[in-house]
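Chemist: Pasting in a structure now, in structure tokens, and then I'll have a few things to ask.
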Amino acid sequence: MPAVSDSPASPLRHDWSREEVRALFDLPFPELLHRAGTVHRTHFDPAQVQVSTLLSIKTGGCPEDCGYCPQAARYHTGVDATKLMATEAVVEKAKQAKAAGASRFCMGAAWRSPKDRDIPKVAAMIAEVKALGLETCATLGMLSGEQARALKDAGLDYYNHNLDTAPEFYGEVIHTREYQDRLDTLGHVRDVGMKTCCGGIVGMGEQREQRAGLMQTLANLPAHPDSVPINRLVQVEGTPLAGTAQLDPFEFVRTIAIARILMPKSMVRLSAGRETMSDELQALCFLAGANSIFYGEKLLTTGNPDTERDMALFNRLGLMPMPVVEQGETVHADILETTDVAARDTHAVSSHAVTSISCTVV
Ligand code: SF4
């Protein structure tokens, strides 16, 4: 059986073979969850779950052809393209998120890659959000080394760029850029000292072997991503992947467990697709080592039924939002109680953001 990092002193591994990952996938379900749970509680308090949020600062109209994404201009999904938001509007949203308890604010734009002329505008947003005392995160598509440097200099802490799937399945989903392009962007981000957020999507019609390939590739990156979002495909009418056979929910839980075992110190995040998961499935994911959930723009709304359902689930499971460190003090993030935040009807944007996983979420 493969060796797992089950002690804080165990070195993180970056040399997982496909056979080892395959063997983990093939374990009996209770044994796999036991191993993942052991690794999880070695490195984290299993009662704590991080809550993440995101603002779409530029929605739709993307020239790429990611087969799952409603923001690709070529698919008829009803998403209207918007221009890049004004800095003041973004800062206002960041203030709302902070008032709701958020410690990190992620900004997403539906671009293949930012144009050089976009960078100063995004850099200004980053600097102002950072000045609020929030950690900053962005997901803008592919970056050059110079762009990564400029964003880092503006105060960007995290960059999200997903691998999406295994190298050998990638061509079934995306044709307008290469797997290597994604690895290159992640390299540029690491080279300037930013933290990475990188995961993938399952349920796109791939086989278990390809889920193993995605997990192996993520774990064997030069540094484990700080956050590993695992998305379950949200099928959007009008995209090529609409109508794909549904993934067995237990296979999704297995994927979460293996992400936890392979990347013991990373935040393993339930992201797109969570809204359609039952409470029981989410609970199994937490048992398997998931310790972060993605909220889309829900933190910027009030009386959101989904938020209330999450709060009830946390209460039923005895979970709590992960405390955050703010200005040297540990404070409790009452992220689930956002009732004093100004009501905004962001449902449409939120829905698109949650389904367009690669660039604009997580
Ligand atoms: S996932 Fe990102 S790059 Fe792909 S089509 Fe959607 S917005 Fe564009």
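First residue shown is number 1, and so on along the chain.
Every residue gets a Cβ built from N, Cα and C, even glycine.
Automatic prediction, not curation, is the source of TrEMBL annotations.
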Chemist: Kindly point out which candidate in Arg35, Arg41, Arg269, Arg274 is recorded by TrEMBL as part of the [2Fe-2S] cluster site with Cys106, Cys137, Cys197.
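Modeler: The record-listed residue among the candidates is Arg269.
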Chemist: So among Cys106, Cys197, Arg269, all listed as binding-site residues, which is physically nearest to Cys66 ([4Fe-4S] cluster binding site)? Use the C-alpha atoms.
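Modeler: Ranked by Cα distance from Cys66 ([4Fe-4S] cluster binding site), first place goes to Cys197.
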Chemist: Using a 10 Å cut-off, grab the number of neighbouring Cβ atoms around the Cβ of Cys69 ([4Fe-4S] cluster binding site), all chains included.
Modeler: 30
Chemist: What count of other C-beta atoms do you get within 10 angstroms of the C-beta of Cys106 ([2Fe-2S] cluster binding site), across all chains shown?
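Modeler: Its Cβ has 28 other Cβ atoms within 10 Å.
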Chemist: Near the Cβ of Cys197 ([2Fe-2S] cluster binding site), how many other Cβ atoms are there if near means within 10 Å?
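Modeler: So the number of other Cβ atoms within 10 Å of Cys197 ([2Fe-2S] cluster binding site) is 28.
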Chemist: Which binding-site residues, if any, among Cys62, Cys66, Cys69, Cys197 have a Cβ under 6 Å from ligand 1, given in order along the chain?
Modeler: Cys62, Cys66, Cys69
